[in-house]
Amino acid sequence: MRPVTDITRRVAPFHVVSEFQPSGDQPQAIAELEKRVNSGEQDVVLLGATGTGKTATVAWLAERLQRPMLVMQPNKTLAAQFAQELRTFFPDNAVEYFVSYYDYYQPEAYIPQTDTYIEKDSSLNEEVERLRHSATNSLLTRRDVIVVSTVSAIYGLGTPQEYVDRMIPLEVGQEWDRDELLRDLVTNQYVRNDISGERGTFRVRGDTLEIFPVYEENALRVEFFGDEIEALTTMHPLTGEIISEDEQVYVFPATHYVAGPERMERAIASIQQELEERLAVLERDGKLLEAQRLRMRTTYDIEMMQQVGACAGIENYSRHIDGRAPGSAPNCLLDYFPEDFVLVIDESHVTVPQIGGMYEGDMSRKRTLVEHGFRLPSAMDNRPLKFDEFTQRIGQTVYLSATPGSYETERAHGVVEQIIRPTGLVDPEIIVKPTRGQIDDLMGEIRTRVDRGDGVLVTTLTKKMAEDLTDYLMEHGIRTRYLHSEIDTLKRIELLKELRMGEFDVLVGINLLREGLDLPEVSLVAILDADKEGFLRSERSLIQTVGRAARNVNGQVIMYADQITDSMQVAIDETNRRRDIQMAYNKEHGIDPQPLRKKIGDITEMLAREGADTDELVEKFNYGKGQRGYNSMITDEQRAAQGRRLDVSKMAEEDLGKLIVDLTTEMRSAAGELKFEVAARLRDEIADLKKELRQMVEANR
C-alpha cells in the first residue's frame, strides 16, 4: 500500500558519468529497450551474453527513461557488485543497496518429532541497516533513485504511510518547542545520548540539538533561538566539519516499524481479541498445553508492548499493528516506490523462481509454530509476498539474462539481444572429447594454459569427484584449489582473487562456477560428465558455465562426454550462433579482440594500505604508544570512543596523531573479526583525519 499523503520528491535528472560511450551491441539494445518501455510493453527481455556490459546498458537506459528503478539480484554478492558499478555511473544520483541486515539468522522454529523449540537468534549488521534506511529515505524524498536489492524487497517492512506520518519536517524560522521536538524524536525510537554520537541517537547542548539519523553517514545540527529554529546544518559526525547549510530537512523515524500510541493501542486490543478466539479453539480441541503456552507467551508480549512500545518478535504482530485484514499481503519495499517505477530483474532465470519460492518455505515453518501454540495465527501474515501479489505490485519489468527462463520469454514479445562485446571478444570455442582418458587429457590441457600464465576452471558433478580430482592434480604438481558450498562468502572471494593473481592455477567446483563470476584470466573451462542430463548439466547451466571463458581472448571450453545430449546440443548451437555473429561483426568493422584488463583488488587490500600509511605517519612524526599522555589503562575501544567525542579542529597535532593510531588499531581489529563494513567506515574516517593532520603539519612549518 503506497503512501496516500502527497509527497514532494526532489527531481534531479539521472546523468551517466563515464569515459566510455555505448559500443558493440549496446546502442541498439538501449534504443530498443527504451522504445519498448516507452510504448508501454509490460515485460521486456534482454538476452545479454556474458561480458557484453549489461550493467552499463541498465545505466544508460535509466538515463533515458528518467524514472525510479529497482534492480533485483539473486544474491547479496551480485547485488553489492552491481550497486558499486552503478555508483560509478551515477555519482550525483542516489544508488541504494537494500539487502537483509542479518549477518547471522536462525529463525524461530519448532520440531514436533523431538519436541524441540528453537528460539530466534540473529546478529544485525548496523551498516547494512543504515543502507536500508537510506534506500527508503531516498525513495520518499527524491525521484533520481536506483535501488539494488535481493529478494529482501518482497519481505515485510513497516507501513510507508506511517513512516511518512511520523516524519519530522524542520525548517529555518519554524516555531518549535524544543522539549516537544525531543519527545517526538523519542517516540520515533531515537535515543538520547549526550556522550557519543551513534546512529539513531541525539544529544542536546544548550540551544543546540544534534541528531544522528540511522539513514545518514552525516549528522544534523539544529540551532534554536528561543523557540525558533535559527539554523539547520549537516555536519561530519566525527570532525564536526560543516558540510552544508540547509533551509529545510526531514527527519525520518529510527525504525521502519514505527507506530504511534493510538495505532499501538488499537493493535493490542486486536491481539487480545485474537488470543481469546484462538484459546477457545485450542481448549475445545483438548490442546491444553498449547493453550497455556500461547496464553503465557502472548500476554507477556502484550505487557511489553504496553510498557516499552515493543517486544521480542514484534514482527509477528505486524498484521495487527498495520491494521491489515487476515490473509492480506504485508507492506514491503515495493510500496515505497512511486507508481511509475521500472523493475529490472538480473539473472532472471534464477531470480524469478527464487521470488516464487520464498512464500512456501516461510509458511511451512510458521504453520508448525501456530499449530503447537507458540504463535497466534496472525503470525502467518508476517511473510514474504506470494508471486501473484508481487506481480500486482510491479509495473514495467526488464529481465536480464544470458539464458532467459520460460516465464519471462513467454510474457515478452520477442527478446532484445546484446551479443557483441565492446572489447571485440567472442564466445569461446567448444570442443567435445570422449570421457575415456579424460583426466590425462585434462592435465595436458591444463599444463598448456599454465605455461601461458592462464587460469583454468574445472566443473564436476559430485563433491567426492571434485575432492579426488583436486588431490590428484596436486599430486602431479599442479597448483589446485577446491571451491565448495561449505566455504563462506569472504573466503570464496579470496579464492577467486588468488586465482586471478596466479597464486594457484586450477579451481575445481561443482555448481559454484556460474552466474556472476568475472575471471578474465581464465582461458579454459573443462566440464566433466557433460552428457549426464540433470540440473547441473541443463542447457541453461551449460551456457552459464561456458560464459566463464568468454572474458579471455583465448577462451575455450572442453566438454567431456560420450554422447551429445539435447542440452549439450542447444548450448553448443547457441554459443556457435553468438560466436558467428560476433566474428562477422569484428571482421566487418576491423576489430581485433582486446583482452579484458580488470583491476584485482578488494577491501582487505585497501585496509592494509591504510594501515601501512598510518605506520609510516607514526614513524615520521613519532606519535602513538609510549608518548606522553598515552593512557595504557583503557582499552583501544574506549580510547577510540573518547577520540570521537573530541572536536578535531580544536585538537593538538600530537593528540590528533594518537587518535589516528587508535582508530587504525580499531580498524585492523574489525578486519580481523571480518567486520569489513565497520573497518571500511573507520578507513574513511582515518583518511579524513590524516588529511587534517597533514594540513596542520604543513601550516605549522
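A Cβ is built for glycine as well, from the same backbone N, Cα and C atoms used for every other residue.
For reference, Swiss-Prot has these:
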- G48, A49, T50, G51, T52, G53, K54, T55: ATP binding site (BINDING)
- 35-419: domain 'Helicase ATP-binding' (DOMAIN)
- 438-604: domain 'Helicase C-terminal' (DOMAIN)
- 657-692: domain 'UVR' (DOMAIN)
- 101-124: motif 'Beta-hairpin' (MOTIF)
Exercise for review: Can you check which residues sit near A49 (ATP binding site), meaning Cβ under 8 Å from its Cβ, same chain, 6 or more apart in sequence, and list them in order?
Suggested key: A402, Q418, I419, R421, D427, G547, A550, R578
Revision key, fill the gap. Same-chain residues at least 6 apart in sequence with Cβ under 8 Å of the Cβ of G53 (ATP binding site), in sequence order, are G24, Q26, Q418, R421, P422
Check your understanding: Among the binding-site residues listed here, T50, T55, which has the most company in the form of other Cβ atoms within 10 Å of its Cβ?
Key -> T50
Exercise for review: Indicate whether T55 (ATP binding site) is helix, strand or coil by DSSP.
Suggested key: helix
**Study point:** Output field, ATP shell: CB within 8 Å of site CB centroid, site G48, A49, T50, G51, T52, G53, K54, T55 dropped
**Key:** T57, A402, Q418, R421
**Study point:** G48 (ATP binding site) - helix vs strand vs coil (DSSP)
**Key:** strand
Check your understanding: For the motif 'Beta-hairpin' (101-124), DSSP counts of helix, strand and coil?
Key -> 0 helix, 15 strand, 9 coil
Revision key, fill the gap. On the domain 'UVR' (657-692), the mean of the pLDDT values is 76
Check your understanding: Which number gives the other C-beta atoms within 10 angstroms of the C-beta of T52 (ATP binding site), all protein chains shown included?
Key -> 26
Point to revise | G48 (ATP binding site): tally of other CB atoms within 10 A of its CB | key: 25
